[in-house]
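Student: What TrEMBL shows for this protein is this:
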- 1-423: domain 'Major facilitator superfamily (MFS) profile' (DOMAIN)
- 191-210: region 'Disordered' (REGION)
- 49-69: transmembrane segment (TRANSMEM)
- 76-95: transmembrane segment (TRANSMEM)
- 101-121: transmembrane segment (TRANSMEM)
- 133-153: transmembrane segment (TRANSMEM)
- 165-184: transmembrane segment (TRANSMEM)
- 243-266: transmembrane segment (TRANSMEM)
- 278-300: transmembrane segment (TRANSMEM)
- 312-333: transmembrane segment (TRANSMEM)
- 339-358: transmembrane segment (TRANSMEM)
- 370-388: transmembrane segment (TRANSMEM)
- 394-411: transmembrane segment (TRANSMEM)
């Protein structure tokens, strides 16, 4: 028994490494923001599409990831994601236009991040039951570790090798996701696989080519509908009022949640701050997350908080949104340090509890499909958020603050009633 627990703990450390290399990576792109603008003569809005597409694809690829996990398992899917993200970043170093970066850094690397991150979150729910909140909090420290290390590493690589050499080296580092996937413990016992969906195809008529074509189209359509129903939890969205409110709230939240991570360094350097100091702001944000998240996991694993995670989560969103208004006080280093500390504290609560709340709302058997639908919905706002903020970052940070406030203040009230159209 002790050997089994130790084995799970060791695999849990590797599960934590996936968020280190995936979720925190878009913030590292901000280090190269000015270079990309100068290299390709792009505007703020055009350049911001690079991390925006990357983050959006990371979430939008959820249903595809769910299919791969079912067919290949979590280990193979994470390893495939490591290969895609590494190759995507390496090829990005040879890009000759901002459009090519959209494809290589945005789509290919983002899809690799999706295949590496989401199976790691799913498998955690199977590894841990009683201490699931603590496990999710410890796993989310990987994101904090990435926020702490990647900006410093990115700034060093940028000074030594430029943005092209840095992208090539970062691509090699991302291949370590393959190692993380290789050491994951397979789920035991393995669940028997059901019959393939294509087995339910209607019999083709022998009367003519036209009927055969109609039968084939009908089969493909039925297969698509079955796959969508299986890998995207529309039934939960319509019948589970808590899940409906949660997905809508998180979708609006993501409109501005990652904006500070992308624009903080360019915002600071644009107002005369040294690049090393600006990169240090993200490292401070990462340190705050590393220090705070483990105690949060221990605290909210206590029996008293069972069923109350969603209220703490909503309060953290409120504080997180209001903290963005601190940037309006001025672009000085002390002001921005106080901002990242408050933002980091609330971000720690949000990151540690988001998947725990989702696991409380839906059954674990439906968690992958529930996560897939949530990822698809939030990918839309993740895609448009940074380019919108790129028009005028300071003003939009204050507007996003209001969005956070509206969502968080209503999140705990929406689950009480079910929308009429779902009944």
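From the backbone N, Cα and C atoms, a Cβ is placed for every residue, glycine too.
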Student: Which one of these stretches, 76-95, 243-266, 312-333, 339-358, 370-388, has the most C-beta pairs shorter than 8 Å to the transmembrane segment (49-69)?
Tutor: 370-388
Student: Using a cut-off of under 8 Å between C-beta atoms, tell me which stretch among 165-184, 243-266, 278-300, 339-358 contacts the transmembrane segment (370-388) the most.
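Tutor: By Cβ pairs under 8 Å, 243-266 leads among 165-184, 243-266, 278-300, 339-358.
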Student: Counting only CB pairs under 8 A, let me know which of 76-95, 243-266, 278-300 has the most with the transmembrane segment (165-184).
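Tutor: Checked against 76-95, 243-266, 278-300; highest Cβ contact count belongs to 76-95.
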Student: At a C-beta cut-off of under 8 Å, are there same-chain residues at least 6 beyond the transmembrane segment (76-95) that contact it? List them, or none.
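Tutor: Counting only partners 6 or more residues beyond its ends, the transmembrane segment (76-95) has Cβ contacts under 8 Å with 18, 21-22, 65, 68-69, 101, 104-105, 107-117, 119-120, 164-168, 170-182, 184.
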